[in-house]
Amino acid sequence: MPLLQRTMGSGMSSMSLVLINLAATMERADESLLPAVYKEVSEAFHLSPSQLGVLTFVRILVQALCSPLAGLLAVRYNRSSVIGLGTLLWAFSTAALAVAVSFTQCTLSRAVNGVGLAIVIPALQSFIADSYLEEGRGVGFGLLNLVGAIGGIAGSLTATLMAGHTYLGVPGWRTAFLLGAVASTVIGCLVHTQVQDPSAPTAPTPTSLSCQDSHQSNIKDSEENTRMSIRSAWRESFVAMKAVLKVPTFQVIILQGLFGTLAGVAQVFFTMWLELIGFSHKATASLLGVFYIGAAIGVLLGGWMGDKIERILPGKGRIMCAQFSSFMAVPTSFFLLVLLPQDAHKWALFAEIFLLMGLTITWCQSCANNPIFAEVVPERYRTMVYAFDRAIELSFGALAAPAVGILAERVFGYDISSSGIIIPDSGSPAEARALSRGVFWVIVIPSAICSLLYTFLYFTYVKDRAEARAYDHSCCIKYSNLSCDSRV
């Protein structure tokens, strides 16, 4: 707690922080539900791995296309309302999937789910960026990813364990989706009504006004500009987009993110792969629990390491941490998916590799990407930065899930009849091997490229950070004679 008090800005209440992190928890829980029950969904709708990949592809593609909405909405509305709206949207789509009776209905529900996630995630990230001091943003984003990982653990374990049962005649996987929808609805309503946006106009004092607060306070003095029109909001968004896309560091992080997102999305097949090996629902859930626990610790460790090494090696520490983390996906994936015998009796060995993988490959967002984004663009454009980051990266990353399915089926010999797939309780070793090879190549090649691309940040980061600070300082001078907030 003392660490949080030293690194948090003055515009964020404890209750707001708790609710924002609960929203992040539910976001990751919702994302983890479908991959956790791929086996049951494939059996219920007679779907192949490539068709399961299409469901993930649709959700991610819609999420990418709609991510700029977060930037537009944040320009016009309070971010707590934006997050609340997005949470309610994904709650509705999760409930819709629970009652779906066809592949088409599943696809439509995933599309709506993508809209909700697109609105929420960039707003959450900019919320955290505005709520922490610069030297503590790595820890701030680490905590956000930590609670998100806890949500992923809860969602995955709940869905996996419930999948093998029925409740009042309702299949367990459908019940899990209904429970997730109810929980998301409650959290969305609480965020909308209780969370205070740290950048929202308040009664300013000379020591608490940030550049953006000062600007908003001056605008408020003019009655005709109190509420921004739709036209001016679009104009502001267009200006922000042009400004953000010109930042070299933003371009580099987006480029590496195109490949890093591919590797992350490919992991949605872990549950199905383990069950094909022959692991039971409980054994699969426990293995993924180990992975998610490692990831939860890893994102916080990565944020802390990024902050610490950046203080020792300014302008280089965060980049070095990101390169290490992205590279570690190569050896850990090789040991897990290729070298390790695919034997359901080797639970302990699988658990060790999953733990190591979770601890080491999850640093990039908290140690480098999100903190660097907050430093290399002006404060007022932060939501737009995170929105376009999601839009561009996910547009490419959406290809990962279908790519895994296509590689497994057409290159490595995954066998599926025209009537669909029924996975026996004892597993299917040949299909497990084919799927593991598809996942392996979609993780390893993009991760290696991602690690190399981070090298370009050594030449752009320091310069772009200085320019962003100069812009924020000039903004404060222009709109107020008060001192600028040290958070920027």
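In case you wondered, yes, glycine gets a Cβ from its N, Cα and C as well.
These come from TrEMBL:
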- 16-462: domain 'Major facilitator superfamily (MFS) profile' (DOMAIN)
- 200-223: region 'Disordered' (REGION)
- 53-75: transmembrane segment (TRANSMEM)
- 82-105: transmembrane segment (TRANSMEM)
- 111-129: transmembrane segment (TRANSMEM)
- 141-161: transmembrane segment (TRANSMEM)
- 173-191: transmembrane segment (TRANSMEM)
- 252-274: transmembrane segment (TRANSMEM)
- 286-307: transmembrane segment (TRANSMEM)
- 319-341: transmembrane segment (TRANSMEM)
- 347-364: transmembrane segment (TRANSMEM)
- 385-408: transmembrane segment (TRANSMEM)
- 438-459: transmembrane segment (TRANSMEM)
Which of 319-341, 385-408, 438-459 has the most Cβ pairs closer than 8 Å to the transmembrane segment (111-129)?
385-408
For the transmembrane segment (385-408) and the transmembrane segment (319-341), does the number of C-beta pairs under 8 Å, pairs 6 or more apart in sequence, reach 3 or more?
no
Please tell me whether the transmembrane segment (438-459) and the transmembrane segment (252-274) touch - that is, whether there are at least 3 C-beta pairs under 8 Å between them, with each pair 6 or more apart in sequence.
yes
